[in-house]
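A short write-up of the structure that comes next.
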Ligand code: G4P
């Protein structure tokens, strides 16, 4: 019996690929996601990705935000099957939805697809998201999009990956022309050309060739483009990094694919290569050592909690990443922090617009648990045992505000709300040092402030006022001989909830100067 279950879990784990697409707004994430869903046969869902995005750009009044949140709950994870694989795409919201949740979601992914606009190269939001993935050491695959437009030279883009992100790259395919001249791509791994045909670039033809010197390419693409291709690939063969599977797996080397999502060009080959190279769910660190996904005991952890913005429905959804075992609806599990057993009776799986009740799920899958207020971010659930997964990191806030309560009589409710919402991870909280205790809130994205303000009013009946501050960066300071006066020159020193020192800086320059002036101090991006 036990062997049967073990084999079943193993089989399901082998099939699974759970990843997030990281990109800067407008690089084409929605478009690429849609195309991937289409390949998975989830045609019905594809349009909804776009619809959802459109609604995001609507006004920011509360009804609207509520609608947006409602929609984004249901499409936070998209699942489809392709070629024997079960694919889970985790949504990482950009635009005004960007928040600490976005970072936390990356902890639930086993790999990432970094989407880059060929004309814009590596952009700000991509850098931030990349760094989070890098720290986790997960494999990162790069898709360079919008090849049908004039863009940067591919070598320049590779250089940028190395200079800006510090990652070496290995092109899996190479463009033949670009923009208006785009003919197709040469697949370096399979020795074949994929060609666009027709003015609208719609038909795709795949032709095996001997190598990139094959005259077939010349016949199809013309002499000029073929010469260029040969020249580029000769250079790559000599000076480029060879494909190294181990380096890809450890996140040191990123395989690069060129394509055009909107034309569906290069997407399918990307998907197929990605599914082959990307890792299946692996072991997760816990207090009891690494937990293997094939461990028969079900375990998982909560990486995100989505509150319903409608005060009439206070239910929340806790997003759980399954780490081991088999999940079954109605099963009883240990809520380790709370020290009690709970029944998981209304689990949901997210498929774009529809919330489906899930009967069984396996490691790598994400399920949504109805949360009457019992979960916190980072909570571990386990079947028989007290397994606690490594704490989720906190990320340094970049936007800060002082908070005041409009009605002083509401101070008690205010304190309660503040405590609960910080515990949930809605915002981070700091306190000034000295006689006059000021509360400073820190967030990664503006939406977190909006949600905080709204929930304080709707759930705790407290009107607050936020006063934006000019700080742009925070670092936790560890220094045995900390002399607060030395920090005052370039920063404001505050304390977090646990009493750790945190320095707030107005800009990068101030931070660098503080680092130089305090050589014995450690400046940490996450809570020590
Ligand atoms: P995002 O989710 O990353 O923010 O980007 P999204 O997919 O919405 O794409 C942003 C814009 O880029 C869209 O144009 C989309 O059509 C376009 N786009 C995506 N992939 C490609 C591509 O391969 N080539 C070209 N040329 N454009 C691409 P839009 O004008 O903002 O919207 P729409 O009116 O086209 O829907």
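Cβ coordinates are placed from backbone N, Cα and C, and glycine is handled just like the others.
In TrEMBL this protein carries:
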DOMAIN    14-284  domain 'Tr-type G'
BINDING   23-30, 91-95, 145-148  GTP binding site
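Structure with TrEMBL features highlighted.
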{"residue": "23", "record": "GTP binding site", "DSSP (3 states)": "strand"}
{"residue": "29", "record": "GTP binding site", "DSSP (3 states)": "helix"}
{"residue": "92", "record": "GTP binding site", "DSSP (3 states)": "coil"}
{"residue": "147", "record": "GTP binding site", "DSSP (3 states)": "coil"}
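Other C-beta atoms found within 10 angstroms of the C-beta of residue 23 (GTP binding site) number 26, with every protein chain shown included. Comparing the binding-site residues 92, 147 on other C-beta atoms within 10 angstroms of each C-beta gives the minimum for 92. Within the model, the domain 'Tr-type G' (14-284) shows a mean pLDDT value of 85, rounded to a whole number. Cβ packing within 10 Å was compared across the binding-site residues 26, 29, and the lowest neighbour count falls to 26. Ligand 1 lies within reach of 29 from the binding-site residues 29, 92, 147, judged by a C-beta closer than 6 angstroms to any of its atoms.
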